[in-house]
Amino acid sequence: MQQSVRKLFGTDGVRGRANFEPMTVETTVLLGKAVARVLREGRSGKHRVVVGKDTRLSGYMFENALIAGLNSMGIETLVLGPIPTPGVAFITRAYRADAGIMISASHNPYRDNGIKIFSLEGFKISDVLEQRIETMVSEADFGPLPEDHAVGKNKRVIDAMGRYVEFVKATFPKGRTLKGLKIVLDCAHGASYKVAPSVFEELDAEVICYGCEPTGININEHCGALFPQVIQKAVIEHQAHLGIALDGDGDRIIMVDEKGHIVDGDMILSICAGDLKKRSALPHNRVVATIMTNFGVLKYLEGLGLQVFTSPVGDRHVLHAMLEHEVTLGGEQSGHMIFLDYNTTGDGIVSALQVLRIMIESESMLSDLTAPIVKSPQTLINVAVREKIPLETIPLIERTLRDVQDALGPSGRILLRYSGTENICRVMVEGHKKHQVDCLAKALADVIDAELGTGSRE
């Protein structure tokens, strides 16, 4: 019998509202079966799959559904419980598992959930493999089922969080500590709520925690990397040295300096790239940024003598460009930072430790490290839309786009794109004059809102 589902995989795995397709228990069971069949086709013998999740209420039912699908096909599951996405990638490699699966909708609200699949090397699986899995799910064709003792079992990995904490700490220089540093930390009530405080406290920092009390329905709710205002205020209030905000699954980071100024992924990339080049630790003097990267940041990186490759937005695309061009450092404005010397996916805590190391070794405040980087005026507005109609098919939007580009001139740029994980149109305008950029971005966002919007924007 065919299972009728809409397209499963988006730009970052499967994602959607819990109990609505594609994020239903029924489809999740089929997804587990499809992953199992792909693994069984790859080689014979017993197979193991690591399963982690964030703190969403719906994580329990999807964890059980996924495990049921995998076990029914003879796969042994190693169950981690709540752990950051990069922790799943690490444990998959450490346990020599055949695959890793993270149940999370990343920065989305609690009502959403998702599934990210990692290969045995800890990389997100390819588009080709995703398509193969999707075809199996839609056709519900999984081949013969194992019988009797051949069905799979699940095993809870008791020390998974502790192992990941030790792995992350090992990316910080031996013999160094964070003693004397006061850090405001916001874990978005998400997967990092235990791991991140443990890492920084065990390295002897004074940690002031926000977003570390998950209820299942408060993940990302006015906190974390999407709401850095929380740590901006707290850093000033507590006279902290810096603030660190993670998203719901811990794979992205936004920082705040001691003055309360936001340090986004563009700035973190610049700081770390400059340090690595100075230490001759950046192969080929190359980095990967994205099409959203601020023009001023690109000029700064090129001024350091670095070759900058740009990819589409999304950590999958950043990683693909890194592997293609033999690059070990890449990142995007939203805070996904990939240090291939340490992990195979974005890792917010590892990224924070690299910046902290640079601060300590250079005896600098975070604001000192960002001072040489002059960003171009840039405005980003997120417009909630009813549906993702191709923008070029809407005449008024096309006319407004041309008018805005004419007003900006040849040195300005506009980027319009739909989010790959939410019904949002992102409007980015960049130029030389902040007031003009703000006004033009608002004008363009207003037209998109009038044509497609729900009346909500950020």
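Just so it is clear, glycine is given a Cβ too, placed from its N, Cα and C backbone atoms.
On a predicted model such as this, the values are computed, not experimentally measured, just so you know.
Feature annotations, reproduced from Swiss-Prot:
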type	residues	note
BINDING	Ser106, Asp247, Asp249, Asp251	Mg(2+) binding site
ACT_SITE	Ser106	active site, phosphoserine intermediate
MOD_RES	Ser106	phosphoserine
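Taking the centre of the Cβ atoms of Ser106, Asp247, Asp249, Asp251 as the Mg(2+) site, the nearby residues of that chain (Cβ within 8 Å, site residues left out) are Asp54, Pro84, Thr85, Ser104, His107, Gly190, Ala191, Ala225, Leu246, Gly248, Gly250, Arg252, Gly346, Gly348. Asp251 (Mg(2+) binding site) counts 34 other C-beta atoms within 10 Å of its own C-beta, drawing on all protein chains shown. Counting every protein chain shown, the number of other Cβ atoms lying within 10 Å of the Cβ of Ser106 (Mg(2+) binding site) is 30. Around the Cβ of Asp249 (Mg(2+) binding site), a 10 Å sphere holds 35 further Cβ atoms from the protein chains shown. Taking Cβ-Cβ distances under 8 Å and a sequence separation of 6 or more, the neighbours of Asp247 (Mg(2+) binding site) in its chain are Ser106, His107, Ala188, Gly190, Asn220, Gly224, Ala225, Leu226, Ile253, Gly335, Gly348.
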